[in-house]
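S.K.: What Swiss-Prot lists as transmembrane segment is 1-21, 40-60, 87-107, 113-133, 151-173, 188-208, 214-234, 244-264, and the listing cites sequence analysis.
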Amino acid sequence: MDWLHVVALAVIQGLTEFLPISSSAHLILPSQLLGWPDQGLAFDVAVHVGSLAAVVLAFHREVAHILRDWVAQCRGGPATPESRLGWAVIVGTLPAVVIGFLLENVIESYLRASLVIAITTLLFGLLLWWADVRGSRRHALTAMTLRNALIIGFAQALALIPGTSRSGITITAALLLGFTRQAAARFSFLLSIPLILAAGSLKGVELIESGEGVAWGTLVAGTLMSFVAAWLCIKLFLAALDRIGMLPFVIYRLILGIVLLVWVA
């Protein structure tokens with residue numbers, strides 16, 4: 001992989017992992033539409049590490065408080081809003097993990113296609129717009145219940161279909177449940193931590209088993225660029241979210257979906 005591909009793919013991963021526009025779609029499309037070579041397992045691991053480091057850094061205080069209170073409750077301490085949020089993240093993660101494990105081969109064989117990406121980009125983009133318009137936006141993140149987390153978790157499992165957008169569908173579900181934009185986005189980002197960790201770990205195991213060669217210079221560059229892009233994306237997205245809402249991302253998804261439909265027609 002040349003340096004242009006390294007820079008482009010790392011920045012794409014970092015930006016699209018947390019914006020409601022689908023990282024998987026943007027990583028699949030360069031190979032399918034532009035003929036770029038597959039980035040390989042090692043590079044996949046590298047950009048996942050960069051994205052994971054970015055979201056943990058961006059939410060380091062919240063993550064530290066959640067872990068502290070969750071561990072304390074497990075040892076017999078009192079329940080707190082942070083410990084309950086920890087349980088909510090666990091419950092919200094389970095559906096995607098279980099369904100992904102059961103249907104991985106089906107998804108890889110039948111759903112990683114440009115037409116599927118075009119349809120899901122359009123469909124779930126419109127659903128995001130509807131949720132943003134119709135959601136009551138009354139509940140703060142402290143109002144997250146295990147029932148809400150489970151519903152959002154099943155919505156997150158839909159993001160196994162390329163083009164759906166993990167952040168997009170979880171924010172959509174949270175908005176429809178009445179959460180504020182900030183609460184919906186923050187819970188979506190917290191949910192990303194165990195999933196990115198799991199995905200990166202699985203790819204790491206696959207990399208070790210495959211015996212694939214590692215170009216360390218490329219991996220370090222990919223990790224750093226993915227980290228910087230993801231961290232900036234998270235900070236800017238949260239800062240602008242209440243002002244701009246979801247409409248800019250919906251418009252982008254509609255344009256992208258239409259372009260893809262024309263391309264594959």
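Placed from the backbone N, Cα and C atoms, the Cβ positions cover glycine too.
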S.K.: Any contact between the transmembrane segment (87-107) and the transmembrane segment (151-173)? By contact I mean 3+ C-beta pairs closer than 8 Å, pairs at least 6 apart along the chain.
M.R.: yes
S.K.: Can you tell me which parts of the same chain pack against the transmembrane segment (40-60), counting only residues 6+ beyond its ends and a CB-CB cutoff under 8 A?
M.R.: 1, 6, 9-10, 13-14, 17-18, 186, 189-190, 192-193, 196-197, 199-200, 203-204, 206-207, 210, 212-215, 218-220, 222-231, 233-235
